[in-house]
Amino acid sequence: MTFRKPLLSLAALAVLGAGAPVLAQDLPAAVQARQGQFQIMALNVGVLGNMARGNTAYDAATAQIAANNLVAMSTIDQSFHWPEGTDNFALDGTRALPAIWENLPDVVSKWQAFGAAAQGLAAVAGEGLDPMRAALGPVGASCGACHDAYRAAE
């Protein structure tokens, strides 16, 4: 009898958790791909951000890996990731604003700015906390420039 509540809670979590992948699978592959890419980018920016804020100790090798990952992400051709009709007005589960498709040259320019900032970060990430911290700012600014213009608030 003492196991009943924990087992019911566990069963409820299993059922609720099982529904989440179904929702993600309902999104078109292009949306899943771009969201996956952005999650990888966020993970790596988070590693660097935690070092920059002093939440984790600076580690040159880890910083270099994270910066290199950002450069790798910036080199992926995203032309397949953004088919028309995959904005937040057309689909639930995405925050991409329709303005993306109205301003593709600006979006491409912002993506290229991110790539340049990531390369600048990768050039110094393993050289010390201060150079890494200074180069992380332009990466964050490039992300924010696109998010501010083309991503809906949560």
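From the backbone N, Cα and C atoms, a Cβ is placed for every residue, glycine too.
TrEMBL labels come from automatic prediction, so no person has curated them.
Copied over from TrEMBL, here are the features:
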type: SIGNAL; residues: 1-24; note: signal peptide
type: BINDING; residues: Cys143, Cys146, His147; note: heme c binding site
Around Cys146 (heme c binding site), how many other C-beta atoms are within 10 angstroms of its C-beta?
17
List, in sequence order, the same-chain residues at least six positions removed whose CB sits under 8 Å from that of His147 (heme c binding site)?
none
Cβ-centroid neighbours of heme c site Cys143, Cys146, His147, 8 Å, sequence order
Lys110, Phe114, Ser142, Gly144, Ala145, Asp148, Tyr150, Arg151
Show which residues of the chain containing Cys143 (heme c binding site), separated from it by at least 6 in sequence, have their CB under 8 Å from its CB.
Met41, Val45, Phe114
Reduce the DSSP letter at Cys146 (heme c binding site) to three states and note it down.
helix
